[in-house]
C-alpha cells in the first residue's frame with residue numbers, strides 16, 4: 001500500500017514539506033500547533049523529502065487531489081507511518097505565491113519596497129498565470145464562470161469609475177478656483193457663492209475682463225464704504241488683492257507641508273517615472289489627492305503664475321491608483337496597475353483642456369512607458385467618460401470644458417506659414433531660456449538654505465507677484481482669462497483695448513473688416529510686452545515652489561502674448577500694404593484676412609511645445625480647443641519648428657530636465673545610446689571581484705541571513721555551487737526576507753543550521769532523527785531570469801532595459817555567472833558617459 005502512496009507522491013512536484021519530528025506511534029495523529037488530525041502512513045527508509053504541489057487529502061488507500069493552484073495552510077503537519085510503530089512527520093513550508101484566485105500565499109511576495117523599480121516581465125508573467133488559472137476553472141461551476149467574467153470586465157469597470165470620478169473632481173476644482181479667484185476683487189452680496197460672472201448673469205448685465213463689475217457685484221472698496229473708482233478705491237482694492245493672495249498661498253503651502261508633501265509641483269515628472277516602473281509610496285495616495293485638489297484651487301486663486309491643468313494629470317492618477325485597489329487584478333500587480341494609471345493620465349488631460357483625443361495621445365507620447373493596444377482603447381474610453389462628465393457639470397457656463405474655447409472661420413494664407421514658423425522659432429527660444437533659468441533656480445533652491453523654508457519662499461513669491469501684477473490689467477486677471485482674451489476675435493461688443501480699431505460701426509457688415517489700429521491697441525501691445533517679461537520671470541521662480549503648480553497655462557500664456565503681438569503686426573502690415581504680392585489675393589478687398597487670435601493660438605502651441613517637447617498630442621489638443629480643422633497645418637509647422645529649436649538649444653524638455661534634477665531612475669526611450677561598450681564594462685562586480693551569490697543546496701539559514709546583513713543588494717543570483725558558478729535562478733531580497741519570516745512562524749524545528757534548498761531535488765541521504773529540518777525555497781526562485789553574455793553590446797542592453805522593463809539582467813560567460821547589471825548601473829553609466837554625476841540617481 002505504501003508503495004502506491006510513494007509513487008503517487010513521487011509524481012508530484014512543487015509544494016514543499018519538511019521533517020518536523022518523529023513519532024513513535026502511528027494511526028491518527030494530533031498536531032499540537034493547530035489541532036488538525038491526519039491519517040498516518042509508512043515510508044521506507046530510502047524515501048527522501050516529500051515534495052507535493054497539488055493539494056489533497058491523504059488516506060490509507062489513495063490520494064485525492066483537488067484543483068491545482070489552491071494550497072495548504074502553512075503549519076499543517078503530515079505524518080507518514082510504516083505500520084511498525086515509527087513515523088516521520090512533515091510540515092508544509094511552501095512559500096511560493098501559488099497563482100490562486102484568493103491571491104498570494106504569503107502577504108507581500110511579489111511586491112516591492114519604496115523607491116524600487118518593478119520587474120515588468122515578472123509581473124506580466126504572474127498576471128498571465130493568474131488568468132490561465134481563472135480560465136481553466138470557468139467550467140467548474142457557475143460561480144467560477146461569473147468570477148471569470150468579472151475578471152474580464154474589471155479593467156473596463158475600473159477605467160469607467162476613474163473617468164467618472166476625474167470628471168467630478170475636475171468640475172469641483174474649476175468651480176472652486178473660479179470662485180476663489182474672484183474673491184480677490186470683490187463679492188456678490190446677494191449670493192456669495194457666485195463668482196463675478198455668475199453674479200452679473202443674475203442681473204442680466206454683461207461684464208468685461210478689464211472692469212469685471214456690474215451692479216450686483218461689489219468691489220472691496222464698495223464693501224468698505226468707498227466708491228468704486230478713485231485713488232482710495234484703487235488702494236483698497238490693491239491691498240485686498242495682495243491680502244487674499246497671501247492668504248490663499250499660505251493655506252496651500254501649509255496644507256502641503258503638514259499633510260501631503262508629495263502634493264507640491266506639477267507631478268508629471270514623477271508620473272512619468274512611476275509609469276516607467278518606479279515605486280514612490282504615497283505619491284498617488286488619498287491624502288495627496290485631497291491636498292492636491294484643494295491646494296491647486298488655492299494656488300490658482302492666489303494669482304501665482306501657474307496653472308491647474310498639469311496637476312490634473314497627477315490628480316487623475318491618484319484617483320486611478322486608489323480605485324485600482326478595488327480590483328485585485330490591478331491593485332496587487334504593479335505592471336497591470338500602470339495600465340490604469342496610463343488611462344487616468346489621459347483622463348486628466350481630457351478634463352484639463354476638454355480634449356479627450358489629445359489626452360490619449362498625451363498619455364501615449366509624453367508620460368506612458370508601456371502602452372499596449374488594450375490600454376489605448378481603455379484610455380480612450382476613460383478620457384471620453386471624464387470629458388462627458390465635465391461637460392455635464394458645465395463649470396464655465398459656456399457649454400465648453402475650458403474657459404478659453406474659441407472658434408475661427410477665416411482661412412489662413414499660404415504666406416502666413418512664414419510667420420507661423422517664426423513663432424515656432426521664437427517659442428523654442430523662449431522655452432529654452434525658461435528651462436535653463438528654472439533649472440538653475442531649482443538647483444540653487446536645493447543646495448542653499450532657501451530650500452529649508454518652503455512656506456516663506458511661497459509667501460515671498462506670492463507677495464512679489466501680487467505687488468507687480470496688479471497695476472497691469474493683463475497680469476491682474478487670471479491667466480486663463482488672459483489666454484481667452486488673446487485668443488478671441490475682435491467684434492462689435494468687444495471693449496478691450498486690443499480691439500480699438502478705427503472701424504465703421506454704422507454698418508454691421510463692415511464692423512469686422514480690416515482697419516487701422518487705434519492708439520489703445522498700441523498701448524495694449526506695450527502692456528503685453530511688460531506682461532510677457534513679468535510672466536516669464538514669475539514662472540521661472542514659481543515652478544518648483546512647494547505648492548501645486550502646473551506649467552501648461554503659463555506656457556500657453558507666454559506664447560499667446562507673443563502670437564497676438566505678431567498677429568497685430570501682420571494685420572497692420574496687410575492693412576497698410578494690401579497690394580503687395582503676398583496679400584494681393586485675400587487682403588486686396590480690405591476683407592478681414594488676418595486673424596490675430598489665430599497667431600496667439602499658434603504662438604501658445606509653439607511655447608508649450610518647446611517647454612514640454614510635445615508634438616502630435618499638442619497639435620490635437622490645440623485643434624480640439626478651437627474646433628477648426630483648417631488650422632492643423634499652422635499648428636504642426638509651429639510645433640515642429642519649436643521642437644527643433646528647443647532640441648538644438650537644450651536636449652531635454654522641462655519634465656525630463658526635472659526628472660534628471662531629482663535623480664529619478666528614468667530611461668528615456670526617445671534617447672539614443674551610441675557608445676561602443678560591452679556588458680562586461682558595466683556589470684557589477686568587476687572582473688576578479690567576488691560576487692555575492694546563494695548556492696542551491698549548501699547554505700544554511702544562518703548563512704543566508706549573514707549574507708543579507710553583510711550586503712545591501714536587492715536580489716541574489718542562485719548558483720549550483722561556488723566552485724561551478726553555473727546559474728540556477730534569481731531570488732529577490734524582499735521575497736527571501738518574507739519567506740524566512742514566514743518559515744520562523746510556521747515551521748517547527750527550523751534552526752539556524754537548517755539547510756536552505758533552492759532545488760526540487762531531494763537530499764541524497766534520508767533525514768535522520770534530530771536533524772534540523774531543511775527549508776525549501778525553490779518557489780520564490782525565478783527560474784528564468786533574463787541573461788546576457790559579457791560580450792553583449794551595451795546598446796543592446798539599454799534597449800532591453802527600455803523595451804522589456806527589466807529590473808536587472810545577469811551576465812554569464814559560457815554558462816557561468818560573472819555579474820549583474822541593474823537599472824541603476826545602466827543609469828549611472830549613461831550619466832558618467834554624459835559627464836554628469838553618476839551618484840545623483842535616486843534609487844535603492
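The backbone N, Cα and C atoms fix where each Cβ goes, glycine too.
The compositional bias 'Polar residues' feature in TrEMBL is assigned to 28-39.
Look at TrEMBL and you will find 683-747 (among others) tagged as domain 'CBS'.
Per TrEMBL, the feature domain 'CBS' maps to 781-838 (among others). Counting residues per DSSP class in helix, strand and coil order gives 23 helix, 18 strand, 17 coil for the domain 'CBS' (781-838).
The region 'Disordered' feature in TrEMBL is assigned to 27-48.
The transmembrane segment annotation in TrEMBL covers 153-175 (among others).
Marked as transmembrane segment by TrEMBL: 238-260 (among others).
What TrEMBL records for 280-300 (among others) is transmembrane segment.
According to TrEMBL, the transmembrane segment annotation covers 312-328 (among others).
Per TrEMBL, the feature transmembrane segment maps to 340-364 (among others).
Nonlocal intrachain contacts for the transmembrane segment (413-439), taken as residues 6+ away from its ends with a CB within less than 8 angstroms of a stretch CB, comprise 536, 539-540, 543-544, 555, 558-559, 562-563, 566, 570, 582-583, 585-587, 593-594, 599, 602-603, 605-611, 633-634, 637-646, 648-650, 652-654, 657-658, 661. Marked as transmembrane segment by TrEMBL: 413-439 (among others).
The transmembrane segment annotation in TrEMBL covers 451-470 (among others).
What TrEMBL records for 524-544 (among others) is transmembrane segment. Long-range neighbours of the transmembrane segment (524-544) within the same chain, counting only residues 6 or more positions beyond its ends whose Cβ lies under 8 Å from a Cβ of the stretch, are 265-266, 304-306, 430, 433-434, 437-438, 441-442, 445, 461, 465, 468-469, 472-475, 479, 482, 496-498, 500, 551, 554-555, 557-558, 561-562, 564-565, 568, 654, 658.
The transmembrane segment annotation in TrEMBL covers 551-570 (among others).
The transmembrane segment annotation in TrEMBL covers 598-623 (among others). Residues 349, 353, 355, 357-359, 361-362, 364-366, 406, 408, 410, 412, 419-420, 423-424, 426-432, 434-435, 483, 486-487, 551-552, 555-564, 566-567, 570, 629, 631-632, 634-636, 638-643, 645-647, 652-656 of the same chain lie 6 or more positions beyond the ends of the transmembrane segment (598-623) yet place their CB under 8 Å from a CB of it.
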By DSSP, how many residues in the domain 'CBS' (683-747) are helix, how many strand, and how many coil?
24 helix, 17 strand, 24 coil
Contact between the transmembrane segment (451-470) and the transmembrane segment (238-260) (3 or more Cβ pairs under 8 Å, separation 6+):
yes
Note the mean pLDDT of the domain 'CBS' (781-838), expressed as a whole number.
87
